[in-house]
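The following features are taken from TrEMBL:
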| type | residues | note |
| --- | --- | --- |
| COMPBIAS | 618-632 | compositional bias 'Polar residues' |
| COMPBIAS | 707-717 | compositional bias 'Polar residues' |
| DOMAIN | 326-608 | domain 'G-protein coupled receptors family 3 profile' |
| REGION | 608-638 | region 'Disordered' |
| REGION | 704-726 | region 'Disordered' |
| TRANSMEM | 324-347 | transmembrane segment |
| TRANSMEM | 367-388 | transmembrane segment |
| TRANSMEM | 400-421 | transmembrane segment |
| TRANSMEM | 442-463 | transmembrane segment |
| TRANSMEM | 500-521 | transmembrane segment |
| TRANSMEM | 541-557 | transmembrane segment |
| TRANSMEM | 563-586 | transmembrane segment |
Amino acid sequence: QLSFAATTPELADKKKYPYFFRTVPSDNAVNPAILKLLKYYQWKRVGTLTQDVQRFSEVRNDLTGVLYGEDIEISDTESFSNDPCTSVKKLKGNDVRIILGQFDEEMAVKVFCCAYDEEMYGSKYQWIIPGWYENLWWQSWINSSQCLSKNLLAAMEGYIGVDFEPLSSKMLKTISGRTPQQYEKEYNAKRGDGQSSKFHGYAYDGIWVIAKTLQRAMKYLNATNKHQKIEDFNYTNHKLGKIFLDAMNETNFFGVTGQVVFRNGERMGTIKFTQFQERKEVKVGEYNAVADTLEIINNSIRFQGLEPPKDKTIIQEELRKISLPLYSILSALTILGMIMASAFLFFNIKNRNQKLIKMSSPYMNNLIILGGMLSYASIFLFGLDGSFVSEKTFETLCTVRTWILTVGYTTAFGAMFAKTWRVHAIFKNVKMKKKIIKDQKLLVIVGGMLLIDLCILICWQVVDPLRRTVEKYNMEPDPAGRDISIRPILEHCENTHMTIWLGIVYAYKGLLMLFGCFLAWETRNVSIPALNDSKYIGMSVYNVGIMCIIGAAVSFLTRDQPNVQFCIVALVIIFCSTITLCLVFVPKLITLRTNPDAATQNRRFQFTQNQKKEDSKTSTSVTSVNQASTSRLEGLQSENHRLRMKITELDKDLEEVTMQLQDTPEKTTYIKQNHYQDLNDILSIRNFTDSKDGEKAILKNHLDQNPPAQWGSSDPSRTSKDPIEDINSPEHIQRRLSLQLPILHHAYLPSIGGVDASCASPCVSPSASPRHRHVPPSFRVMVSGL
């Protein structure tokens, strides 16, 4: 049996159809041609989309077998019955770029509508579908779809159709003596207005196959068995049938459809490739199955992009690196900053013997400059990434730049704060003792701060060292328009517990800043400019703190933009280092150039014993002591006045009691003779007076100024109406003589501190009387003072 139009792959089963031949290639014959096309464009990853029909499923299964072992991956296999959109979405989700389709014209319209909706067309995708559709096939089915004609045509543009070649394109004479072109002209002339069939050439070559088979069989019979003729054929003669079968398999000639050769009954024909270009199909190549060669006609295939589509999204990793011009500009600024720091260092060393510079601790100034220069140097290291150095070198730089910046920061601000601590220690010395703090001690303080830094950094390096890590970001389209995706990668210096280590470092630096703020506040009133940098320290801490907080936040938010991140970090370091050095040294430079003595003499605090004119602007500590002394003196004066008034009241009470008692002459004589001095001492309490310096009050003895012998004389002062003088007149004293002295001693004198109040009872014996007791003179005088 010989067929010229049956293309179904099922007929290729020789177990079922051992005597079946066909001059038309099978539908499976396109698969070797597709394989050749895939290899030609180096497409190694494809997907299939198949309509659920046996004819298409068999082709798909055969294609799977052809591609298997050819280093071509079928990444996704999708099939559909009526709605292909779900399958199209899955293909896109699996990043399938080369789609091998097997479906009829009606489903093809639906497939391309879905492809348009999913944007699976254009320069990134290539559709390969059957090429046996009728001319303008989409016009018959466009109305059955829901997409517009222009959208459908946009999605169809560039698809490649694969089908057998109806007639050979070679201008060679065939077995009939005609060329394929001559045959086609004759065929069309004889056909007239009849409908053309693409199988007519295979039918024509089929007749020649039969003729050549019979001819070979006849020659074989004539050569081997002269008694048997071909006319003796019948269907039960298996020997003659075997001769026909062998003759058919030996068929090999050039027909109008190309070289006619059978392999296991299958035609090894020519497969053509057509491409849909501008609403028409154009032949772009052909595949010769006999020679297994693919020929592309003059590069006639037009792809939507600049090059054939990729079989998958080509991800090109691109290191985001720091721009060389940016690095150069910031490096130039850094060099200028280091030159400025060197100028300050030269100025500080040259003028180290000047009083202004010497009082500001030149060694500490040198450390401040050193710290600033280390901070400047770290900028060069922060700008070196994978575009300048190797991965191993970059990992080393991660550690080195962290150490340099940390040590530089501590050196600069540690020296600044150590200077301020010395001023604080001297001027807050409440004991007013001479206190000397040498530079060696300040160096020890700075060394201690650096030692804490080194401990933290060493533990960090040993326990959890910094490593080079690569962070990958989302894919981006190629700026040049190529069919690739750019995956930016960025190098970072990180470790496992990065947050913890940074927290420790930030906490320590924050405490250092707070300590500096405290010292600056405490020494704000020190009026010697050469010593007091509190204002500039406060300004430095404020600027550095604000810039570091802003810089750290913005740097974290711009991790994926290395140029922005490096620019911010570098500018923060440059600004902080520059502003700190300028605040420390520019005022000194200006003062030294204008009036070097003003900073050390104009506002100097002087304190000498021979000072003739007190300074109107004394220190706060001396003013506080004077205010405290004045307050105490005022309190003592008030207490003195209160005690005087109390004495007056007690005298009045005593006078009233005395008036009620009877006079006793014997007692009076006894008192006059034996207790005259005691009464004078007791009753002549006059007043508390203040000394000239205001530091003590003395109780005056009235009888020291008025001797006892003059009691009877007239005294003009006695005419005063002062109640104290009235009760001390001789008349009043005479009336009080009847009062028992023990009562006087125990009731009156304790109120002014003259007698120890611990004596609980009056003295009843002569030995206990005041005459026989030694009363210390302390009751006569009350002294209070500083």
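Using the three backbone atoms N, Cα and C, a Cβ is placed for every residue, glycine included.
Against the transmembrane segment (500-521), the recorded stretches 324-347, 367-388, 400-421, 541-557, 563-586 differ in Cβ pairs under 8 Å, and the greatest number is found for 400-421. Within the same chain, the transmembrane segment (400-421) packs against the transmembrane segment (563-586): three or more Cβ pairs sit under 8 Å, each pair at least 6 residues apart.
Confidence in the domain 'G-protein coupled receptors family 3 profile' (326-608), given as mean pLDDT, stands at 79. In summary, the transmembrane segment (324-347) does not lie against the transmembrane segment (541-557): fewer than three C-beta pairs, each 6 or more positions apart in sequence, are under 8 Å.
Only pairs six or more apart in sequence are counted, and the transmembrane segment (563-586) with the transmembrane segment (367-388) gives three or more Cβ pairs under 8 Å, enough to call it a contact. Residues 413, 513, 516-517, 520, 565, 568-569, 571-572, 575-576, 579-580 of the same chain lie 6+ residues outside the transmembrane segment (541-557) yet bring a C-beta within less than 8 angstroms of a C-beta in it.
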